[in-house]
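In what follows, a single structure is set out as structure tokens and then discussed.
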Amino acid sequence: MAGAAGPGTGPGAAGGDGDDSLYPIAVLIDELRNEDVQLRLNSIKKLSTIALALGVERTRTELLPFLTDTIYDEDEVLLALAEQLGNFTGLVGGPDFAHCLLPPLESLATVEETVVRDKAVESLRQISQEHTSVALEAHFVPLVKRLASGDWFTSRTSACGLFSVCYPRASSAVKAEIRQHFRSLCSDDTPMVRRAAASKLGEFAKVLELDSVKSEIVPLFTNLASDEQDSVRLLAVEACVSIAQLLSQDDLEALVMPTLRQAAEDKSWRVRYMVADKFSELQKAVGPKITLNDLIPAFQNLLKDCEAEVRAAAAHKVKELCENLPTEGRETIIMNQILPFIKELVSDTNQHVKSALASVIMGLSTILGKENTIEHLLPLFLAQLKDECPEVRLNIISNLDCVNEVIGIRQLSQSLLPAIVELAEDAKWRVRLAIIEYMPLLAGQLGVEFFDEKLNSLCMAWLVDHVYAIREAATNNLMKLVQKFGTEWAQNTIVPKVLVMANDPNYLHRMTTLFCINALSEACGQEITTKQMLPIVLKMAGDQVANVRFNVAKSLQKIGPILDTDALQEEVKPVLQKLGQDEDMDVKYFAQEAISAVAQRLTKLDFPVKDNEEPSAPGADKNHFLRPRGPGEDTGKAHRERAARVVSEETVEAARFRGTDAAKVSSPRGETTPAPGTRAVRVPSVSSLEEECGKEA
């Protein structure tokens, strides 16, 4: 691209008469020819700016030909160009000149890189909607024909995505030509072209007349579904969904179902996998009658397929299949034709199959009802709760709410507890993390008595896990449990156990105590926080580990809004002042942050707002809006002086709270100077960052 002739030859050319204001545009144009790929890419991304500066006429006559001639570039540059041109219609003069954008996009649609071709086709589809019917036949349809007849497979694959957008508005004669070109591509010698045609077959069928679908699309579908390449055959399965939606039941049975039955038994597992993956869509498309006669037997075969990937894909669709069956007779069909195969999958040798089934099997309980669930499904649930694979047990537990609605969770409680305990102690920390996230749901379903008896100890054990992410999740879990069971339960059951950890020899566990207090304080309220939690936090201010001490400062800042004025003044203030003089820089920093926050709270509490007044800033003159302005009076100046005075009062109050003799001193002009020993920004140390980021102990 470097050295190619561009639109204009310098700044003056871009500016017409050498206008200096257009010099940046000239720079962008020059960058289109630059040898540096990044500069060319940046310039392409600002192509609309260049076009606006050049005007519609010069954009059409100079910029677009230049872009067309310099298509051979790096893929990332071409991708950006293809994206930009899709939104260029207004910059070339509107829909009447949209055809001017076709040449560069046609060239982009033939390049070797698939991503660039796809983006060019996307832009061409977008521009086609802006063509008039006459312009479409005069300019767009010939482009599609050229691409479809190209020597290289790249152009022919791009053409497959353009037939459906130009067909509806074409004349009858042109429609026949378009169908002929599409037929040719469906039987192309190159597998990549047939694959592209198969992927667009369903989309093209939707815009054709019904007679053409029966006479032309269905034979094409049949041929593609029996192609020698399995990558083509599996795409034909996807097209089957769209074709089936267009045909009547009789036509479906005669024209489509033989091919679909063949696909469900294809020698390639990838094709059978596609059938299983699209089974719900196929079921809705063919209707209930064909589902019962043809799809149910095919689904049974997929559930016992020799390939685990196929069985797993079919197992994922069990619930959707059952939900979409006709209400009348659904229970009988499931019990007689589906459930026997499900029972075999529960003991499948592949863990992915069992995990897929476990993620949906609980949903069958709402379909089959209480009696059938207890008699037939409950044994399967219990077996899966004892499965050796943790993902299987986890998927069952995560969907317990479905069973709880039908039979209640007590039926599972005896088997549920061992499964939860095993997951809670699993060697993989992500499994432990997942079961923690479901604990509030389990607690709500099992009730407070069962939880206290069986699961409370687990929740407390997670607080001392060696992985920070587990300790953090356990802290949030306690907060959710308090919200569910109430503050009285928290005061009697949770808070005492959390506070005991403050004396733990491991400093990470002592820090977890502070994290728990941060989370529980808001849920527990002022009384419990002040009487039970605050004394422990204040005591920990003398901890030997600096990380604990600066987390004490952060905790006091966190719980400050919950405490009353007396506690802040008499208990919190002295501790923060002491931490502010700590030898560790991090402790000092966080203590000063907490001092500022608490000082602002005390300042607000010193200026109570009456019930019949709107809240306002401390020291503000509530009546200044009502006073008439005197001659020559500068109200803006008064506002600035008042704001400066309020800020000065607050900073001095904060300084007094810190216990320093000199803080920020306000000058007569409202300027402030930092007091000795203070600093504006403090960067935490590595030790604090490691703890914050959740490094393992």
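The backbone N, Cα and C atoms fix where each Cβ goes, glycine too.
Unlike curated records, TrEMBL annotations are generated automatically.
Taken from TrEMBL, the feature compositional bias 'Basic and acidic residues' covers 630-661. Residues annotated as domain 'Phosphatase 2A Regulatory Subunit A helical' in TrEMBL: 98-282. Under the heading region 'Disordered', TrEMBL lists 609-697. As annotated by TrEMBL, repeat 'HEAT' applies to 24-62, 101-139, 178-216, 217-255, 256-294, 295-332, 338-376, 377-415, 416-454, 494-532, 533-571, 572-607.
Summarised as a single figure, the pLDDT of the repeat 'HEAT' (217-255) averages 89.
Counting residue by residue with DSSP, the repeat 'HEAT' (295-332) contains 28 helix, 0 strand, 10 coil. Nonlocal intrachain contacts for the repeat 'HEAT' (533-571), taken as residues 6+ away from its ends with a CB within less than 8 angstroms of a stretch CB, comprise 495, 499, 502, 507, 510-511, 513-515, 517-518, 520-522, 524-526, 578-579, 582, 584, 586-587, 589-591, 593-594, 597-598, 601-602, 605, 687-688, 691.
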